[in-house]
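The block underneath contains the structure these notes are about, expressed in structure tokens.
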Amino acid sequence: MTELTRRTLLQTGAAVGALVSMPAILRAQAAPVRIGILQPVTGALAQDGEYGRLGAQIALDEINAAGGIKALGGAKLEVVFGDARSNPEGGTQEVERMEAEKVSAIVGGFASPIVLAASQAASRYNIPYICDVGVSDQIVNRGLTNTFRFGPGFGIVTSTALENLVKLNEAAGKPAKTVVVVHEDGLFGSGMAKLLQAQLPGRGFEILETIAHPTPSRDMSNVALRIRALNPDLVIPSSYYAEFVLLARTMQQQRIRPKGIYAILNGAASNFRFVKEFPDAANLVMDCNHWADPRKAKTAEVRRLAEAGGRFWLYNTPLNYSCVKLLADAIERAGSSDRAKITEALANSTFADHIMPYGPTKFVNGQNQGAAPVNTQVQNGDIKVIFPDAFSDAKPVFPAV
Amino acid sequence: MLQIDILLSALANGLMTGAVYALIALGLTLVYGVLHVINFAHGATLTAAMFAVWAAHDGLGIDPYVAILFLTPLFFALGYALQRFVIGPASHGSDSNILLVTLGLSIVIENALLAAFRSDTRSIDVPYGFSVIELGNLFLPLPKVIAFFASFLVAALLWGLMAHTDIGKAIRAVSREKTGAALSGIPVEHVYAVTFGLGAACLAVAACLLMPTFLVNPRVGNAFVLVAFTIVVLGGMGSVPGALIGGLIIGVVESLSGLYFGESLGQIGIFLIFILVLLVRPAGLFGARA
């Protein structure tokens, strides 16, 4: 046992004093608001999930550094992170855990099947759910009052993509008439292919064939061979990252050069990693997808923060950044961490301080009416915006050959 | 109607892909044939090898084919050590325990790779990555042609090793009669570890052959492992020529059924052939009759 000296006695006294005064400090600090961030960070979709989580984290850090939720006395946002493990069951389980951890709202999901299941589970507990990417229109067509989608669904994306495609083709003197659609065979790709089949013929394009492929795929040679046999003017691929990279490489190997590769919601065509690793295969590939608004000053700042960690600039990051900011604004206006009040604030939201190319939010049945995609094209190792004209930074190169 | 050169391309592609499947299945069939272990860590080990190829290329600028020279012995050593110091001791000799240990190991390897390399899908760009050999209207990607012949070479080397060397004879002795082999002085634990090492070495070669045309992320091994298990059973468990022929068959069947029934249904062809073969020859194509 140590001897009790005057010094230790003084130290102990000071420590006890500090402890006694602690509750006063704790009272001054408002209780944090818990936010569930749900992303698939393991499994097949882990890459997208990580980039989504990165965007959410940048927004959370920014909000907390700026003094938290002012209406709640500077309450900090506290993240409850959930890994959806790339499947709907994983997403649902994490929502159950988030319910147990008393989150006020959930943001994320990434893939349509995960968002469908997770937002459904969240609706049982009236947890407001903001979908970051999930493009299937089923997500907002079920009448769930807790579910909000900030970005565009594939209905909006497809019609915008087709309008721009017609513009592109007409400006070039209509070189493209025939199309092969390549899509992943899940909820997102199949739904998209149906829309294309319905809408392409009416816009003057003939679909030669629609080729479905599974995710993951070991080999895309057959798909490439069929494209070669059909010799279409345009290839429209909708796949996740790895499969499109394989397809683009195989097409290059097989010397398949259509007049254009016009991707819609493609996992790789707007990804700097793909552009960096395969400059030749990626060059002149076009995509209609989510993209941050390059005109907004904040976009450059978020991009710098994302790239500082050695990451590439992907749409998942600005979308999740914006979704978390949208939620923080709703909590601020609700002046409460109560789920029902946040849901109401979201439903009436006119939030504009985001970095996507949308105006102020306006939700109708949970869908943000202002949400819109942009068209990009890989040009000389960079990803340029070619539509809409309002903020395009390059002219489209079409036909590519 | 499909053109004839499309059919020939699909056939050639199926053979080339099948040869790499065979190489992946070789390690699995060897480990099964000798240790009677269904190695669930096979896919994760392949992923680790692919990351090693990627890291060697990205960090040190080493060509994947040059990497064969040092990754093969490295993975042999790794496989040896895994069996000797992890799987062997942890399983206490029980087959069901080994199953769980290899399953656990695969989860550990996958997550370690996820932590070390993050979830990004990566690929390498080699100067010959897009080179093709032209045969009339057929474009055969050079890396796939190399992979095809290299797989045969590895299978031949492995077969020679099993047939003509002391360690090969010891491996065969242990696989037939473990107790008898131990009684005649064969160090069973050592033979087990060598076998496991050979399995891992095959994966290292397969990874080096795959990377010029494929990609890697922490889950990529799973895409190959189910097909490798199918090949092992189809070819006859433990049979080296069985794995080779089985791999080629599966590659061609997958390619042709993908071409005719659509990519999503290509896998069905594999299992149809699998069931058919097992109905006719329950022990597999080259399996010993029970």
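Here the Cβ of each residue, glycine as well, is placed from N, Cα and C on the backbone.
According to TrEMBL, the transmembrane segment annotation covers B:7-28, B:34-54, B:66-86, B:98-117, B:138-162, B:191-211, B:223-253, B:259-280.
Counting residues 6+ beyond its ends, the transmembrane segment (B:98-117) has Cβ neighbours under 8 Å at 35, 37-45, 47-48, 51, 82, 86-87, 90-91, 218-219, 221 in the same chain. Of the ranges B:66-86, B:138-162, B:223-253, the one with the most Cβ pairs under 8 Å to the transmembrane segment (B:191-211) is B:66-86. If you look at the transmembrane segment (B:66-86), the same-chain residues 6 or more away from its ends with a CB under 8 A from one of its CBs are 35, 41, 45, 49, 52-53, 56-57, 101, 105, 189-190, 192-201, 203-205, 207-208. Note on the transmembrane segment (B:138-162): residues 5, 8-9, 12-13, 15-17, 19-20, 22-23, 26, 30, 65, 126, 128-132, 168, 171-172, 198, 202, 205-206, 209-210, 212-213, 240-241, 243-244, 247 of its chain, located 6 or more positions outside it, place their CB under 8 angstroms from a CB of the stretch.
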